[in-house]
Structure formats: structure tokens, C-alpha cells
Amino acid sequence: MNLNSIPAFDDNYIWVLNDEAGRCLIVDPGDAEPVLNAIAANNWQPEAIFLTHHHHDHVGGVKELVKKFPQIVVYGPQETQDKGTTRVVKDGEIAFVLGHEFSVIATPGHTLGHICYFSKPYLFCGDTLFSGGCGRLFEGTPSQMYQSLKKLSALPDDTLVCCAHEYTLSNMKFALSILPHDLSINDYYRKVKELRAKNQITLPVILKNERQINVFLRTEDIDLINVINEETLLQQPEERFAWLRSKKDRF
């Protein structure tokens with residue numbers, strides 16, 4: 001399987017997995033045009049689309065792609081049923097695509113119906129987990145997002161985290177504002193800054209590394225707890241997550 005990223009809009013990535021025969025899976029096609037161009041350039045045969053949630057920058061290209069390739073099966077959560085989804089999937093179900101099993105993981109928070117797809121090593125996590133950050137809480141609660149991130153963080157170390165946006169640099173600036181002396185965060189920030197200066201993608205990331213540099217995955221880390229305790233005493237990791245998310249919203 002080959003993993004490809006297609007830039008869209010200002011900072012979106014549309015992920016495509018293709019096999020040796022050229023069959024492909026498209027994830028969150030917010031815009032059809034760059035996908036159609038990539039399909040033509042690579043001679044791919046689209047078989048399926050995965051949708052993670054209902055926001056327009058993730059679903060906007062579905063209908064045009066299905067019109068061009070009517071054989072495509074569109075998988076998505078209930079909230080995408082009016083966005084072109086033909087096969088609604090929910091937590092714990094399996095999507096069989098390109099000869100692989102993709103587990104569906106419910107990750108409410110960014111939206112209430114948000115889901116992710118995992119087939120080792122690939123995790124397509126939409127707007128739930130970003131490198132160095134997590135999605136805004138447009139519909140869900142901090143507790144829901146905390147539990148969703150906990151699920152994703154428990155996946156195997158070598159998981160390739162395929163996020164839907166290039167937010168890494170701004171996320172790492174926030175991480176540095178919280179833990180300015182953390183060596184892992186400083187090292188990763190420098191690496192990301194260099195990549196973005198060359199207009200290069202920072203994704204996908206390896207989950208084992210992400211756990212070290214993403215403050216939203218470190219709510220039980222003593223260094224982070226000490227920082228938060230300087231401002232307020234919070235006993236539960238869910239509360240510390242909510243504190244971080246609130247800080248990030250105002251950053």
C-alpha cells in the first residue's frame with residue numbers, strides 16, 4: 001500500500017491509499033479537483049471514500065467524485081448521510097477496503113459523530129488528533145474529546161497518524177508556551193519549523209513520537225501537572241485537558 005497526501009484549500013490534506021494494481025481509497029475529499037488531477041496523473045481506480053465527519057472541507061468533493069466514478073462506496077458516520085455517504089458505519093465496525101480491514105473508532109469531540117479509521121499502521125483521524133494538538137470542540141465536550149484522544153493514544157507505537165490539516169507549527173508554538181524547557185518539544189519544534197520554511201509537509205507522524213510532544217496526550221505527565229498547578233489545582237486528567245483546550249482556544 002502506498003500513502004499519498006493531496007493538499008487542498010489553505011491547509012487541508014486529502015489522504016489517498018493505493019495498492020499495486022492502482023485501486024485507491026480517498027479520505028475526506030473536501031475538494032474534488034485536486035483529487036481528480038491526482039487520479040488522472042497516477043492512473044488510479046477509486047474504490048472507496050472514507051469520511052470522518054460532516055464539515056464541508058472534508059466532504060465538499062464527494063458528490064463530484066461519485067458522479068465521475070459511480071462505483072465508489074462512500075463510508076461515513078451517521079452525520080454524513082446527507083453528504084453523499086452510501087454506507088453508514090459506527091464504532092467497532094469493520095470496513096473492508098482494498099483487501100484490508102479498517103476498524104471504525106468513534107471519536108466525538110470536534111463533532112458529535114466524528115469517527116476515525118485504523119488499519120495498521122494507518123490512522124485516518126480527521127480533525128480529532130493533530131500533530132502537537134487536537135481539534136476544536138465545535139459540538140462535543142472536553143470530556144468526550146479527552147476520551148477520544150485516549151483511545152487513539154492507545155493504538156500501537158508505530159501507528160502512522162494521518163491528520164487532515166497542516167497545523168503542526170502553530171500547535172508546537174502553543175506547546176512551547178506551556179512547556180518551554182521540554183527537550184522533545186523544542187527538538188520537534190525546530191524540525192517542524194525547518195520543514196515549513198521549505199513548504200514541506202509535516203505529516204504523517206509516528207504515534208510513539210506524538211505522545212512525547214503533544215501536550216494534549218500528556219495530561220498525566222508530571223511536568224505538565226506542575227505547570228497547571230501553578231495556576232489552578234486540577235485533580236483529574238479530563239480537567240487538565242479542558243484547561244489546555246481553553247488555553248489553546250485563546251492562544
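Glycine is no exception: its Cβ is also placed from the backbone N, Cα and C atoms.
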Further binder of Zn(2+) 2 named by Swiss-Prot next to Asp57, His58, Asp127, taken from the candidates His100, His165: His165
Cα-nearest neighbour of His165 (Zn(2+) 2 binding site) within the listed binding-site residues, His53, His55, His110, Asp127: Asp127
Binding-site residues compared (His53, His165) - the one with the fewest other Cβ atoms within 10 Å: His165
Fewest other C-beta atoms within 10 angstroms, as judged across Asp57, Asp127, which are the binding-site residues: Asp57
Most Cβ neighbours inside 10 Å, all chains, among the binding-site residues His55, His58, His110: His58
Rounded to the nearest Å - Cα separation of His58 (Zn(2+) 2 binding site) and His110 (Zn(2+) 1 binding site): 13
